[in-house]
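All remarks here apply to the structure that follows.
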Amino acid sequence: MSKHFFLHNEFHWQGRHDAEDGAAGSRVHHVVQQIDYTHIGENPYGVALLGFACDAGVARNKGRIGAKKSPDLIRRALANLAWHSPHPLYDLGTVVCDDDLLESSQQHCAKIIAEVLPCVPVITLGGGHEVAWASFSGLARYFEQHHPEKAPKIGIINFDAHFDLRAFSSSQADVKPSSGTPFNQIQHYCQQQGWDFHYACLGVSKASNTRALFERAEQLNVWFVEDKDLGSVNHDYHLTQLQHFIDDCDYLYLTIDLDVFPAATAPGVSAPAARGVSYDNLAPFLDRILAHRDKLMLADIAEYNPTYDVDSQTARLAARLCWDIANAMNDKLEHQ
């Protein structure tokens, strides 16, 4: 148990061991190090993993709960993947949100991210997509503490079937922060700080977002591409648009909601997609983002819900995405 009451670090990393291969047979479970986040400065190279076990945001958004169980199951799927980098992974544990204590849990998560980012990049494992507000809050704290002299140009790239731009405050009692509000919260924060709001949402479903949400996205100048338009026919055009978006930003925050994938690929989510975007169609966009690893500071994977998974296939998808991102972040370290 971590000495921090809100942070659990009890996962036991284990997996296949091929003794005959020696060091060349390394897998994630061989190289991951479980450490206290306050000691991260003693470990200057690598990538940090942080869990965010939370159902509160999805429950508030009237969704199917179960994502609270996901961080350790993603870790389990990640453990056996081969590891080729000379740099390790650091497991900082999991921030656990009990009951409806969403806001305090998000602040705990943000605090850890802000303290770790000066040393290593971070991948957060949700939890519902309320993790995005926690992640961005940590990134914002980092800039406020270490680079207060200049407003950062942060590009937020969200692979998601939903805009997650719902209202988070209202005179109506049931309107409050949830898994459906994080990017509206981020926009509000940026407006208060005088920061530009650079938000891209790729894979959005017209069937799953009301006209009010599309109007909100247009009002905020969100660059979005619908799920039906992310096919291979349109790759070159949209990849060019993505490159322009990246070029206009100094830093990148990548967030992946697993419900962007078809239900057949990712059944284990709160809101499975009838259409979605195939991994093959999404991969060129992810690869383009990861090619700009020098700008990528932070990423998270959200909305895995093991209650509805089939043969752990969504867990394996989440683990592979985490693996891809972590390898790109470690490649950045090798080229510094």
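Glycine residues also receive a Cβ, built from the backbone N, Cα and C atoms like all the rest.
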Problem - Mn(2+) 1 binding, same site as ASP160, ASP164, ASP257 - Swiss-Prot member from HIS108, HIS129, HIS198, HIS292 - result: HIS129
Fill in the blank from the handout: Row ASP259 (Mn(2+) 2 binding site), column other C-beta within 10 angstroms, all chains, value 29
Practice task
Select one residue from HIS129, HIS162: among these binding-site residues, choose the one with the most other Cβ atoms within 10 Å of its Cβ.
Solution key: HIS129
Problem - Number of other Cβ atoms within 10 Å of the Cβ of ASP164 (Mn(2+) 1 binding site) across all protein chains - result: 30
Handout entry: ASP259 (Mn(2+) 2 binding site) to ASP160 (Mn(2+) 1 binding site) - Cα separation in whole Å
Key = 6
Practice task
To the nearest whole angstrom, state the Cα distance for the pair HIS162 (Mn(2+) 2 binding site) and HIS129 (Mn(2+) 1 binding site).
Solution key: 10
